[in-house]
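Asker: So TrEMBL lists these for the protein:
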{"type": "TRANSMEM", "residues": "21-41", "note": "transmembrane segment"}
{"type": "TRANSMEM", "residues": "61-80", "note": "transmembrane segment"}
{"type": "TRANSMEM", "residues": "92-111", "note": "transmembrane segment"}
{"type": "TRANSMEM", "residues": "131-149", "note": "transmembrane segment"}
{"type": "TRANSMEM", "residues": "161-182", "note": "transmembrane segment"}
{"type": "TRANSMEM", "residues": "188-208", "note": "transmembrane segment"}
Amino acid sequence: MTSRRSAPSVDVARADLFARLALALLGGALLVTSYMTALLSGQVDPVTDPVSDYAFHGAGGPLFVVAVLLLLLSGLVIRAGMNGARMPRHRAISVLFGLWYAGLLICVVFPGDQLVTDQTLSGHLHRLGGAMLFTCLPLACWILARSLLPDPRWAGVAAWIRRFAVTVLSCATMFGVAQLVPWLPKGLLERVALGAELALLVALALAVRRAAR
């Protein structure tokens, strides 16, 4: 009887731990990305060049992989925290998170094209991974926010998650338009979209922490 009663409190404690770990991983990803940007500022223009171009310059390759893997790990940990915090479970959310993980891995395994004129299979797969990266997470969070909204305990959190999800989708749309309009600052728009996605993950981790208190 005692173990059954204590099980929910154990799950909540784990959820809080997962949330703290996720925030640390996200901070690590931000630090690695910032260092990579400063280190290769002479080779990669953050306004015009995509983030994946860092992989073509010396230490940028391993730093790019580390940053993406930290982002992936933070997502896995946040998902575990969401389950521990008893947040609503929805099949579509699980599928979209899985596709988001896959998109991150695709971006790491398959390098993008170094030149705009290049049209390689690896480059096409990299762009597919990027599309999954920028759409699947905000869509999953939109569905999550819609599931949380009717519950008064989650209403405030749901509103913030929904706002960040819309922001990511809007930024990702602008980045997509930049692929077709050469004069738009493609690199800057991609970095803004990634920053919005990072903020969305932070909002999710904080929501898990709040639920665990």
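Glycine is no exception: its Cβ is also placed from the backbone N, Cα and C atoms.
Where in this structure would I find these features, and how exposed are they?
Answerer: For the transmembrane segment (61-80), the residues of the chain that approach it from at least six positions outside its boundaries are 14, 18-19, 21-22, 25-26, 28-29, 32-33, 35-36, 39, 51-52, 54-55, 97, 100-101, 104-105, 107-108, 137, 198, 201, 204-205, 208, judged by C-beta separation under 8 angstroms.
Long-range contacts of the transmembrane segment (92-111) within its own chain (CB-CB distance under 8 A, at least 6 residues past either end) are made by residues 52, 55-56, 64-65, 68-69, 71-72, 75-76, 79, 122-123, 125-126, 128-133, 136-137, 139-140, 143-144, 147.
Long-range contacts of the transmembrane segment (131-149) within the same chain, counting only residues at least 6 positions beyond its ends with a Cβ under 8 Å from a Cβ of the stretch, are 75, 87-88, 90, 92-93, 96-97, 99-100, 102-104, 106-107, 155, 157-159, 161-162, 164-166, 168-169, 171-172, 175-176, 193, 197, 200-201, 204.
Non-local neighbours of the transmembrane segment (188-208) in the same chain are 15-16, 18-19, 22-23, 26, 29-30, 46-48, 50-51, 71, 74-75, 78, 81-82, 84-85, 87, 133-134, 137-138, 141, 154, 157, 160-161, 164-165, 167-168, 171-172, 174-175, 178; each lies 6+ residues outside the stretch with a CB under 8 Å from one of its CB atoms.
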Asker: What same-chain residues lie close to the transmembrane segment (161-182): Cβ under 8 Å, and 6 or more beyond its ends?
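Answerer: Same-chain contacts beyond the flanks: 131, 134-135, 137-139, 141-142, 144-146, 148-149, 189-190, 192-193, 196-197, 199-200, 203-204, 207.
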